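**Q** I have a structure here, written as structure tokens, and I will follow up with some questions on it.
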Amino acid sequence: MESNTGDSTPLKFIAIMNVTAITKGRLRVESLDQSVCLYGNLTKICGNMRTTALVNPSSVTAAAASSPTPCSNASVRQYHEVVGDIVCPSQVRGIDHIRDPRLNKGLAFTLEERQILGIHGLQPARFKTMEEQLELCKIAVNRYMEPLNKYLYLADLADRNEHLYFRFLYDNIEDLMPIVYTPTVGLACQRFGLIYRRPRGLFITVNDRGHVFDILRNWPEPDVRAICVTDGERILGLGDLGANGMGIPVGKLALYTALAGIKPHQCLPVLIDVGTNSYDLLEDPLYVGLRQKRVVGKEYDDFIDEFMEAVVKRYGQNTLIQFEDFGNQNAFRFLDKFRNTYCTFNDDIQGTAAVAVAGLYASKRITNRNFADSTFVFAGAGEAAIGIASLCVKAMVDEGVDEKTALSKIWMVDIDGLLTTTRKKGTISTHQTKFAKDVEPLDKLEDIVTKYKPNVLIGASAAAGIFTPKILQTMAANNERPIVFALSNPTSKAECTAEQAYQNTDGRVVFSSGSPFPPVTINNKTFTPGQGNNAYIFPGVALGVIATGTHHIPEDMFLISAKELANFVEQSDLDRGSLYPPLKSIHEVSMRIASAITSYAYKEGLASTYPEPECKREWLKEQLYNFNYESSMPVTWAWPRMPYFKTRELQPQKLYGKTLH
């Protein structure tokens with residue numbers, strides 16, 4: 001079809017529907033039901049998209065004149081992106097089927113699929129099963145010696161074959177979790193400017209104020225159920241990494257799918273870029289974020305408010321928003337501000353607390369000591385430590401102890417020493433106040449441990465080596481089975497190593513860490529310490545919350561999660577020195593937590609998905625991601641044979657006085 005708008009050069013359009021007006025030199029297209037070939041910036045329109053487009057004819061004609069083969073593959077390729085997990089079989093064909101990571105199966109396409117999809121000949125003749133591909137993935141990733149190279153291989157696999165990537169994680173979670181999550185993800189964030197390849201989420205900058213909703217609309221998925229967001233101010237124990245912190249929400253949401261079966265298209269990583277206070281990054285030529293100091297105060301708060309409102313406007317009130325790696329002050333403020341008005345939680349505060357308390361629940365089977373019978377010293381008084389301490393108080397109250405008595409059992413230490421009501425150095429935040437004691441200040445952790453004789457020593461300080469041999473030996477002298485948790489990430493920030501903990505306690509320590517440590521042999525006995533990884537908690541919580549359409553997430557859900565995790569620990573796990581089950585069983589842990597969360601949500605009237613399912617577990621399983629390949633062929637089915645009816649002889653019909661044949 002050709003159209004002329006006063007210029008002698010024709011405009012060439014392919015399959016343009018409903019052209020309603022040509023006015024003032026501009027062509028208005030009210031709706032497009034098929035792909036459009038225009039010369040200019042409009043290069044693709046996905047199926048079923050109805051929009052209004054304004055096209056300047058002068059730019060179109062200029063482009064047309066410069067192209068000898070209009071609408072050839074060299075100039076425009078009709079590319080259909082898959083949205084959601086329901087694909088129209090006739091929508092995506094040809095090489096686009098291979099280029100889309102959700103549909104690509106590599107050499108696992110059958111001969112029939114290759115022929116009907118129009119990809120026959122684009123691949124070698126070999127046909128592989130998914131199991132054969134998984135073996136090849138294992139060989140490929142093991143060729144790399146550096147963890148960061150393994151991380152990059154997995155990122156590339158995710159970009160080209162989504163099902164194979166998540167199945168590979170699912171089957172090899174013990175080996176691969178340290179790569180896609182801590183500790184390697186910390187290194188990936190530090191090198192983010194060097195390894196960045198393609199978008200895996202949204203970067204929303206403070207310069208986009210007033211347009212956050214417009215940016216959310218740019219994300220192609222309409223069915224987002226979970227968002228993991230960070231502003232990069234406190235990435236693990238590495239400090240302010242600014243926009244480089246995007247690796248954290250990407251890694252977290254990958255575990256949503258790999259560990260709990262949440263569909264990947266329902267997950268959206270977001271980086272809120274308000275600048276960075278790291279001069280090293282500001283001067284780094286590879287830094288990918290805003291090159292400015294952090295925006296603070298009312299401007300920052302208003303921007304976060306806009307983000308939260310935009311999420312609800314775009315995806316609905318029940319969208320789960322997981323806050324991750326915000327600075328201590330902001331993390332607590334936003335949790336208090338949003339927890340009763342949005343479906344949100346902070347994994348650094350609440351997820352860390354749940355996994356640590358789960359370890360303490362499991363340790364009761366070793367020490368025969370309840371929470372209320374223990375004295376706790378926390379090295380660190382930031383969001384992780386406060387979160388753990390608060391959930392410990394809740395666990396003691398659950399045992400029948402009043403809150404005041406529970407608080408008296410907990411002593412907290414920060415960089416300025418013991419939290420007291422009388423100390424002059426440093427300041428105490430609102431959330432720290434309830435843990436401050438009316439005693440004389442003490443500056444040194446060693447003196448505090450010596451004086452107050454804790455049964456439990458928990459490190460969440462990001463201060464490497466702060467649990468000195470002397471402190472560990474004091475813990476062993478005061479307790480038959482001292483409990484020591486060195487929870488700081490990454491490994492380089494741990495308060496002590498597993499080897500140091502066992503060596504300085506004659507192998508009697510009940511130990512856990514935030515990062516993985518190798519086995520330790522003491523007195524001819526080998527201990528394999530468990531990692532208190534948040535991944536035991538947050539995927540299951542998220543699955544239960546998303547499935548039930550829960551409005552808000554109360555603290556009780558995390559105590560429930562801690563108990564479910566602790567109940568899954570076997571005696572054999574305790575015997576080998578671990579307070580947590582093997583990572584290979586984390587899928588079952590996630591399902592049990594999700595089932596418990598689901599039951600609680602319906603019991604407390606928090607769920608909005610009705611009717612309430614009778615069998616919660618089976619209902620959850622029906623909603624999970626399929627880690628295996630699905631057929632690329634259209635579904636066909638047979639109809640029953642119609643019964644025979646003798647029809648009348650066809651007679652001419654009259655319409656408006658005329659005889660029709």
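Our numbering is plain: 1 for the first residue shown, then up by one each step along the chain.
Positions of Cβ are set from backbone N, Cα and C atoms, glycine also.
Just so you know, TrEMBL annotations never went through curation; they're auto-generated.
Take a look at what TrEMBL says about it:
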ACT_SITE  Tyr181  active site, proton donor
ACT_SITE  Lys252  active site, proton acceptor
BINDING   Arg234, Asn489, Asn533  (S)-malate binding site
BINDING   Glu324, Asp325, Asp348  divalent metal cation binding site
DOMAIN    158-339  domain 'Malic enzyme N-terminal'
DOMAIN    349-602  domain 'Malic enzyme NAD-binding'
**Q** I'd like the Cβ neighbour count for Asn533 ((S)-malate binding site), meaning other Cβ atoms within 10 Å of its Cβ, all protein chains included.
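**A** Other Cβ atoms within 10 Å of Asn533 ((S)-malate binding site): 26.
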**Q** Within 10 Å of Tyr181 (active site, proton donor) (Cα to Cα), which of the recorded positions Arg234, Lys252, Glu324, Asp325, Asp348, Asn489 do you find?
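**A** Those near Tyr181 (active site, proton donor) - Cα within 10 Å - are Lys252, in sequence order.
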**Q** Find, among the recorded positions listed as Arg234, Lys252, the one whose Cβ has the highest number of other Cβ atoms within 10 Å in the structure shown.
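**A** When each Cβ's neighbours within 10 Å are tallied, Lys252 leads.
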**Q** For Asn489 ((S)-malate binding site), which of the recorded positions Lys252, Glu324, Asp348 has the nearest Cα in space?
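**A** Closest by Cα distance to Asn489 ((S)-malate binding site) among the recorded positions Lys252, Glu324, Asp348: Asp348.
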**Q** Using other CB atoms within 10 angstroms as the count, which residue among the recorded positions Tyr181, Glu324, Asp325, Asn489 scores least?
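**A** The recorded positions Tyr181, Glu324, Asp325, Asn489 were compared, and Tyr181 has the fewest Cβ atoms within 10 Å.
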**Q** Can you tell me which of the binding-site residues Arg234, Glu324, Asp325, Asp348, Asn533 is spatially closest to the residue listed as 'active site, proton acceptor'? Compare CA atoms only.
**A** Glu324
**Q** Rounded to a whole angstrom, what is the C-alpha distance between Asn533 ((S)-malate binding site) and Asp348 (divalent metal cation binding site)?
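**A** Here the two Cα atoms are 11 Å apart.
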**Q** Beyond Glu324, Asp325, Asp348, what residues of that chain have CB atoms within 8 A of the centre of the divalent metal cation site's CB atoms?
**A** Thr230, Arg234, Ile235, Ile248, Phe323, Phe326, Ala331, Asn346, Asp347
**Q** In whole Å, how far is Arg234 ((S)-malate binding site) from Asp348 (divalent metal cation binding site) when you measure between their Cα atoms?
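**A** If we compare the Cα positions of Asp348 (divalent metal cation binding site) and Arg234 ((S)-malate binding site), the gap is 10 Å.
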**Q** If you pair up every Cα among Arg234, Asn489, Asn533, the residues annotated as binding (S)-malate, what's the maximum separation in angstrom, rounded to an integer?
**A** 18
**Q** Take the C-alpha atoms of Glu324 (divalent metal cation binding site) and Arg234 ((S)-malate binding site) and report the distance between them in angstrom, rounded.
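**A** Approximately 9 Å lies between the Cα of Glu324 (divalent metal cation binding site) and that of Arg234 ((S)-malate binding site).
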**Q** C-alpha of Arg234 ((S)-malate binding site) to C-alpha of Asp325 (divalent metal cation binding site): distance in Å?
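**A** With the alpha carbons as reference points, the distance is 5 Å.
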